[in-house]
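**Student:** Pulled the feature table from TrEMBL, pasting it below:
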- 318-329: compositional bias 'Acidic residues' (COMPBIAS)
- 330-339: compositional bias 'Basic and acidic residues' (COMPBIAS)
- 362-375: compositional bias 'Gly residues' (COMPBIAS)
- 116-253: domain 'Phosphatidic acid phosphatase type 2/haloperoxidase' (DOMAIN)
- 291-375: region 'Disordered' (REGION)
- 12-42: transmembrane segment (TRANSMEM)
- 90-111: transmembrane segment (TRANSMEM)
- 118-137: transmembrane segment (TRANSMEM)
- 234-253: transmembrane segment (TRANSMEM)
Amino acid sequence: MAQPFAFKLFLVAAYTAALLIPFTSQFFLPATPIFSWLLLFYSSQFIPKSWRPHIWVSVLPTLESVLYGANISDLLTRWTNPVLDVLAWLPYGVIHFVAPFVVAACLWVFSPPGAVKFFAAAFGYMNLAGVVIQIAFPCAPPWYELREGLVPATYQMRGSPGGLARIDALFGGHGYDKTFSGAPVPFGAFPSLHAGCSTMEALFLSHFFPKGRPFYWAYVFLLYWSTMYLTHHYLIDLVAGGSLTCAFFYYYLSKMPDELRHPTTHGVPAAYRTRSASTAIPLDEESGLPKTFAHTANGGGGGAKAGSNGHTDGYGGWEEDDDLSDDEDGHGLRNDEARLYGAGAAGRDSFDVPLRGDMGLESGGQGGGSRKSRA
C-alpha cells in the first residue's frame, strides 16, 4: 500500500533536520550510504516492468558447473534435518541483521576515531553497488530452479523463502513466507549481499581487532554455507559478493589516515614499524643512525648508558633527550659514526649495519661485529 504524501514529506524533513543538527549529524551523515542502499532496495519494486531487463535462469547454475565441476548448492540441499535448519537459520536470518550494529559499536568504542565513518561508507556503497547489479542483471536463485526448473521467469512471479519455509514450519509461523513472497528484488541472487556484508564485517574486525580472526571468518564461512543450504544462493553468488566487498574494503583502506591504516602500531614510533617493537633499532630521523649512537649526551662515551642524558623509550631501547641540531659542525655525528662503524669505515652510507645484540651498550663497548662480518 502506498504511503501518503504527508508521511513521505515528514521522513524527508526529519532526515534533513538530523543532518543539520550537530549532535545527530555525526551519526546520520556517515550512515547516508547505508540509507541510500536501503532506499534503492525498497524503491526498486516500483520500477515499471517494461523497463526491467531479462531474468537469467540458467546462467548461474551453468557457470557453477563449469567453474566448480558441479552444482555445489544443489549438493548441499540434498540432505536436510531440523538441526541443520536451525544452524543455517541463525547466521542467515538472525545474526546477519544484528552483526552490522555490533561491528559499528565495537569500532566506535575501541578503534581510533574515524573508523566507523569508513566502515559505514564501505558497507553502504558495497550494498548499493550490489543492488544496482541485481537490478541490472537479475538472476534466479536456487529455489527457483527447484520449484520451476529452467522455465523462463517473469516479474509477475513471487519470491520464495526457500529453505526458510522449514523454519516457519518448525516454529509454526508464516513470517518468512510473507516476507520473501513480497520481496522488492525476488531475483537478486547475484551477487550475494549476505556474503558481502559478512565479509565486510570480518575484514574490518580483522583489521582493527586481529586477535579474533578465527571467530570472524568462522562466522563468514558458516553464513556462506547457510545461504546455499537454504537454497538462496549459488556458490558463484558468494564469490561475487566477497569479491565486491574486497574491492570496496581495500579502496577505503587506501583512503584511511595512517593511524587507521596501521591501528596495531598506532602510538609506536615510525622507526619501529618495519620490525617488531621488541627487536627493532630506532633510527634518528636526521642522521639515519641508531638513536643510541647518534644521540649522546655531553659528548659522552660510546655507550648509551655511560654519561647519557636520556630515558628508556618503552620498547626496549634508549631515547636521548638532546638533539643533533646543537652540533652544528657535525663533529659529534662523525664521532658517532666512528664508534658505530670503526675508523675509516664506510659509515652510514654502507648497508653494513650492526645487529642490536652487537652494539656495545656499556661504556667504551666496541660491539661484537656486523652482519657482513658475521656472514
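Count begins at 1; order follows the chain as displayed.
Even glycines carry a Cβ here, placed using N, Cα and C.
On a predicted model such as this, the values are computed, not experimentally measured, just so you know.
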**Student:** So what's near the transmembrane segment (90-111) in sequence-distant terms, Cβ-Cβ under 8 Å and 6+ beyond its ends?
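**Tutor:** Distant contacts of the transmembrane segment (90-111): 119-120, 123, 164, 167, 176, 194, 197-198, 201, 204-205, 208-209, 219, 222-223, 226-227, 230, 232, 260, 263.
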**Student:** Using a Cβ cut-off of under 8 Å, list the residues of the same chain at least 6 residues beyond the transmembrane segment (118-137) that approach it.
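**Tutor:** Residues 30-37, 40-41, 44, 47, 52-53, 56, 100, 103-104, 107, 185, 187-191, 193, 196-197, 200-201, 204, 241, 244-245, 248-249, 251-253, 255-256, 260.
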**Student:** Looking only at the domain 'Phosphatidic acid phosphatase type 2/haloperoxidase' (116-253), what is the model's average confidence as pLDDT?
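**Tutor:** Within the domain 'Phosphatidic acid phosphatase type 2/haloperoxidase' (116-253), the model's average pLDDT equals 91.
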**Student:** Counting by DSSP secondary structure, give me helix, strand and coil numbers for the domain 'Phosphatidic acid phosphatase type 2/haloperoxidase' (116-253).
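**Tutor:** The counts are 98 helix, 2 strand, 38 coil.
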